[in-house]
Amino acid sequence: MANSSSQHMVCGSVTFRDVAVDFSQEEWACLDATQKVLYRNIMLETYSNLVAVVGRCIPKPDLIVLLEPEKEPWMAVKKETGRPSQGLETGFEAENRSPKNHVYNKKLPKQTIQQLSKTSDVQGVSVSNGPGYSVIKEPQNYQEGDANRNITNKKEMSTYTSKTLAHNKEKPYKCKDCGKCFGCKSNLHQHESIHTGEKPYECKDCGKTFRLPQMLSRHQKSHSDERPFECNICGKSFHLPTLLQYHKNIHTGLKPFECEECGKSFKSFNRISTLFQHRTIHAGMKPYKCNVCGKAFNRRSNLLQHQKIHSEDRPFHCKVCGKAFTVLAQLTRHENIHTEDKSFECKQCGKIFSNGSYLLRHYDTHTNEKPFECNICGKAFRLHLYLSEHQKTHTDEKPFKCKLCESAFRRKYQLSEHQRIHTDGKPYQCKDCWEFFRRRSNFIEHQSIHTGKKPFECKDCGKVFRLNIHLIRHQRFHSDEKPFECKECGKAFHFSSQLNNHKTSHTGQTPFECKECGKSFKRVSSLVEHRIIHSGVKPYKCNACGRAFNRRSNLMQHEKIHSDERPFECKDCGKAFTVLAQLTRHQTIHNGKKSYECEQCGSAFRLPYQLTQHQRIHYDVKPFQCKECGRAFVRSTGLRIHERIHTGEKPFQCKECGEAFQYHYQFLGHFRIHTGKNPYECSECGKYFTYGRDLKVHQSIHNLEKP
């Protein structure tokens, strides 16, 4: 019973104008017909809910009077403050200011009194404190007639509405493009900038331009360190009071506004527009379309953020590492890496987070609530997105279709990877290698590969680089600066990416799982590269032999086979290698260590992959089969070498005489004819041989001669 009465008191302090969303005439004109219908439904539903709380009919606010006959909501007269006229205050609001229903002379929790003192504009009241509660005393000059003075009957409402319509006709300034009228010439000028695209107000710090001066003022606060609005719970400060209010909802966890479609709830009265925007997801509305790539969004803010992908504008720079971002929120999240600021604590388990959204996501692990259930197999999910993704496994539905070749895919990322073949959405093409790029900045950076220009030189060692970011990274190796330290073992790193990779060695976690095969990875970049295997896309092709690869790194490693460059030399035997990993594997021959032992037969191996391949012999596993003749192999390399018999491919060509070979060892043996090098020496007689097998045959002669 006590809970019910406290709930009634909270409702009693809420007015319709606290929860109503207002549109100006200009803003209302930007909505399409579907959005206007959705807005009307939400406002009428909100008013009905308030009437249900009171339990009887109350005089209607002016906004509802206009919405019911489907008139324009901006016709409601407002004062300069943007609030409805005092004469149109709702009966609900006035009723709850009467001594019978108001909070005066009632015992309330102290927390409620503190909240009321912040939001109420009632003056002349006194508060008396008791054990666990407080009482607001009625002001001496308060009279019951004052509460009912603002109630408006239907006759007054009708008179007022007709005056409102007459007032709106007095708008002499008309827009030549769309015909809208304005009562003030300055409002017309501001409106015309929408059609012209003119943005005369420029930020002196980053050069960004805006249509209106208030937009510029709001933006400039992001450059200054001034954050006057501080959270009294965690101490975090903000540029704007609205940001502080949104932030406080994270600590309270209040989400009173619930979506009837999916049950998702939203935080506060001030953010009812979030519910309004969320409902457009269920309605399937995506009115905001990108002019560059055609992608559509249900929110204008999402479109604006997306459009920055196509531009080169990254005005927000990290002062610690120099990394640049398109959005201020991305920079703010990134800065938490350097500061390790974790202000958001879970009250259930004490775990702390650097971002409020991470804390909200973490809350779901305690509730274990999975409201979205699959009607086919009964599996439940936390988010509707996960359910939609799961349901695709039960059907053959492939909704993501390629417009150029009619290939269809179950998931969006598969289509994106496939579209690389057609170079869709990459307007910048390199004339030297025909590679396509989405951004002009990436295209310019790529061209320096062909020109060989390396304008950025290191003052310490003289090494030159193509890009400035490469120079900045390199210079950290000369300095002892390692700002990213592991809290577990104290090891420090030059880059945050190195620290993140290192942290997985302590946890052993592989959180990024492939939905196709179930394989998991430590890093999301590894998962992205792995997904290309399932899509079958091999966009990186060797110009020398035509072989294709699904990773650029594999192509670069392969191209070293065609060149004579072997920079990694073994100090024990002088053998040289194209890749450092090959040298590392080779050096295990000299140290003699065979750490990986087979449990079946006791055979020991130097490298783990050798043990894995050996174990296939015991299980008679040969997963790599030739499509031409059906022959199977233990290793993929064995299959690739075998396929050259069918294709006739000879990738190893001698630059001296032009002769080509199928196998690398044949090419090396032939190349020694031109160089005159015979690296295999007999320890008995000192004779040299071109091939290792010739040395073995020769040594058998000495073995026969020995008694």
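Keep in mind that glycine also has a Cβ here, set from the backbone N, Cα and C atoms.
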Quiz item: For the record in Swiss-Prot, which of the ranges 17-39, 316-338 is the zinc finger one?
Solution: 316-338
Quiz item: Of the ranges 58-80, 288-310, which one does Swiss-Prot list as zinc finger?
Solution: 288-310
Quiz item: In terms of Cβ proximity under 8 Å, which residues at least six beyond the ends of the zinc finger (596-618) contact it?
Solution: 585, 588-589, 634-635
Quiz prompt | For the zinc finger (229-251), the number of residues DSSP places in helix, strand and coil | solution = 11 helix, 4 strand, 8 coil
Exercise. Go through the chain and flag residues at least 6 beyond the ends of the zinc finger (624-646) whose CB is under 8 A from any CB in it; none is fine as an answer.
Key: 613, 616-617, 662-663
Exercise. Could you pull out which residues elsewhere in the chain have a CB under 8 Å from any CB of the zinc finger (568-590), counting only those six or more residues past its ends?
Key: 557, 560-561, 606-607
